[in-house]
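Novice: Heads up, here are the entries from Swiss-Prot:
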BINDING   H46, S63, Y141, V142, N143, S162, H256, P257, E258, T273  iminosuccinate binding site
BINDING   C110, C230, C320  [4Fe-4S] cluster binding site
Amino acid sequence: MSILEKVQPIETMLPERYHKMSKEDMEKRVHEIKEKMGKMLFIPGHHYQKDEVVQFSDAAGDSLQLAQVAASNKDAKYIVFCGVHFMAETADMLTTDDQIVILPDMRAGCSMADMADIEQTERAWKELTKLFGDTMIPLTYVNSTAAIKAFCGRNGGATVTSSNAKQMVSWAFTQKERLVFLPDQHLGRNTAYDLGIPLDKMAVWDPHTDSLEYDGDIEEIQVILWKGHCSVHQNFTVKNIENVRKNHPDMNIIVHPECCYEVVAASDYAGSTKYIIDMIESAPSGSKWAIGTEMNLVNRIIQQHPDKEIVSLNPFMCPCLTMNRIDLPHLLWALETIERGEEINVISVDKQVTAEAVLALNRMLERV
């Protein structure tokens, strides 16, 4: 059975009439529907969403915050999730059976989540077990499919976010001697290193060659990193940092831990989306910042803090393209179909997958 037990009906083409509507008319209709539906409708929005979408969010946050609000909301019948596919899956798994989760555009995926599929993961686990026996525990970044979360759940593991990665990695080492971290090698490496694990005690599993890449003694490997990454944060480089240091020596550099180890090591600060937002918020007026994260968020931070000099670490950075698929026309389309009693782009995860994935999610949520 497919992980998505049903996605009824699957709609990917926005009706033509939404292309012809003015922004003002669309905004007016969204306001009308939100007012009409009241608590029956809940719209969570990720920080990386466009301003035209975030303005209508009932809750804006990073992956951890949105997982928490999804789990705590018991009033809404409809949850229209303005994020990407894995986030909507998580919302469906953490809400009740009578709550309906809708993703405005089914094309809003995540390339990182797609870098670890369940067949690859099961195969990797089998091969790694031959090497290390029953000494491993899996952790997966929430930026992963429901199937990968379920794999971690049934193998004693948990999910993590960039906000709680250190806490969850520390917990994992109270359970087993070794950690398998999926699917983002950079978050896993940066977190483990920050906790005092040297690089030569980390290895990388390549799912395309089914091979383990390492430099040190295999017996001393503590962390096995999945060879995946975020296509947005991969674009920040040490060269970007060198340019900022040269041209703006008094500028602080803050990056997301999905950036590679070399970039994080060369930066002044590194932390989750919430950490970055809070750091800029609390910084003194007149301070200068180069931020290494998604462009929609950077632009919003710039707008919110005119008293500070803020730039993107990479001046040629673009937004997360899949996150950007959720726009005002798609949001309105989803809301108007609900208003008519129709349901498009419903996310409904298979119940067995949900049961196992929720084990992993709850092991995280009960510790944060």
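Cβ atoms are placed via backbone N, Cα and C, with glycine included.
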Novice: C-alpha of E258 (iminosuccinate binding site) to C-alpha of C230 ([4Fe-4S] cluster binding site): distance in Å?
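Specialist: On Cα coordinates alone, these residues lie 7 Å apart.
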Novice: Counting other CB atoms within 10 A of each CB, which of the binding-site residues H46, Y141, N143, C320 comes out lowest?
Specialist: C320
Novice: Quick one: largest C-alpha distance among H46, S63, Y141, V142, N143, S162, H256, P257, E258, T273, binding iminosuccinate per the record, in angstrom?
Specialist: 17
Novice: Cβ atoms within 10 Å, counted per site: which of C110, C230 has the most, among these binding-site residues?
Specialist: C230
Novice: For H256 (iminosuccinate binding site), which residues of its chain lie six or more apart in sequence with Cβ-Cβ distance below 8 Å?
Specialist: S162, H233, A270, G271, S272, T273, I276, G292, T293
Novice: Under a three-state reduction of DSSP output, how is H46 (iminosuccinate binding site) classified: helix, strand, or coil?
Specialist: strand
Novice: Write down the Cα-Cα distance for N143 (iminosuccinate binding site) and C320 ([4Fe-4S] cluster binding site), rounded and given in Å.
Specialist: 14
Novice: Which one is it, among the binding-site residues H46, Y141, N143, that lies nearest to C110 ([4Fe-4S] cluster binding site) by Cα separation?
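Specialist: Spatially nearest to C110 ([4Fe-4S] cluster binding site) by Cα position is N143.
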Novice: Enter the number of other CB atoms within 10 angstroms of the CB of E258 (iminosuccinate binding site).
Specialist: 29
